[in-house]
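Annotated in Swiss-Prot:
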BINDING   G46, A47, N48, G49, S50, G51, K52, T53  ATP binding site
DOMAIN    13-248  domain 'ABC transporter'
Amino acid sequence: MAEKNASAVDGAIRVSGMQFSYDVQDPIFFDFNLDLPAGSRCLLVGANGSGKTTLLKILAGKHMVGGKNVVQVLDRSAFHDTELVCSGDLSYLGGSWSKTAGSAGDIPLQGDFSAEHMIFGVEGIDPFRREKLIDLLDINLQWRMHKVSDGQRRRVQICMGLLHPFKVLLLDEVTVDLDVVARMDLLEFFKEECEQRGATIVYATHIFDGLETWASHLAYINGGELKLSAKLDEIKDLKTSPNLLSVVEAWLRSETKVEKKTKKKPVVTSPFMSSRQMAYYR
């Protein structure tokens, strides 16, 4: 039986009463709570601007939020315990990877160097896992990074991000540049990682093809509020809809209608009203 490295931790991700805002802006999250068990594959869904990327970055330890117990990954503080990321136990792959070098900031991955130079430059890697990922992502080690397409560059970056056997993986729209075959093969690899090693994955995406049988959990965010968090097979709407896309589309359309109703009517300024803007005419 395969060893489940992360199974010793019942709650792989735990967020308790989280509040967060950027600078002096209104809070994005207020009293936000989320619990995910080890081995789960959670889809994170919501409209653009709902807070998905911010939540993933908080879970990845990129933003400090409250005390050490507010955001816990593998029973450790996501922000304060830097060993989580340094050890590879916690890994984050975001959309910015298509143009930047991981934690190296805004350094473009378009220099004249090979895919082999990048992939084999990561030390302490299991050769079998490395070869498996190279084959899985159909990477040509002779690719020159300044000449490849965005999709090919994305494959190299995903490979580098998965070389260390993670325990918690946070994915933010990482498959947008991949073709159908590469995307489905990668999802199958992720599923094996969860089932065989007990790893936990949170995946934010707007592409829902094939995810009905892939995900184990779903979390739906609207305006920084967790509207739903449940096992996929316990969501009532899925039992009466043809697919996941239809369900999420209905949720997003519903929240759009509510937003339109709550928008304030524009203030109309009349020449007969006392107004600073009309002082010119008086």
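FYI, residue positions are counted from 1 along the chain as it appears here.
Even glycines carry a Cβ here, placed using N, Cα and C.
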| request: Among the binding-site residues G46, G49, G51, point out the residue whose Cβ has the most other Cβ atoms within 10 Å, with all shown protein chains included in the count. | output: G46
| note | Across N48, S50, T53, listed as binding-site residues, the smallest other-CB tally within 10 A is for N48
| Under a three-state reduction of DSSP output, how is G51 (ATP binding site) classified: helix, strand, or coil? | coil
| note | A correct count of other C-beta atoms within 10 Å of the C-beta of A47 (ATP binding site) gives 18
| request: Restricting to the same chain and to sequence separations of six or more, state which residues have a Cβ under 8 Å from that of K52 (ATP binding site). | output: L44, V45, G46, D172, A204, I221
| request: For the recorded ATP site formed by G46, A47, N48, G49, S50, G51, K52, T53, name the remaining residues of the chain with Cβ within 8 Å of the site's Cβ center, in chain order. | output: I221
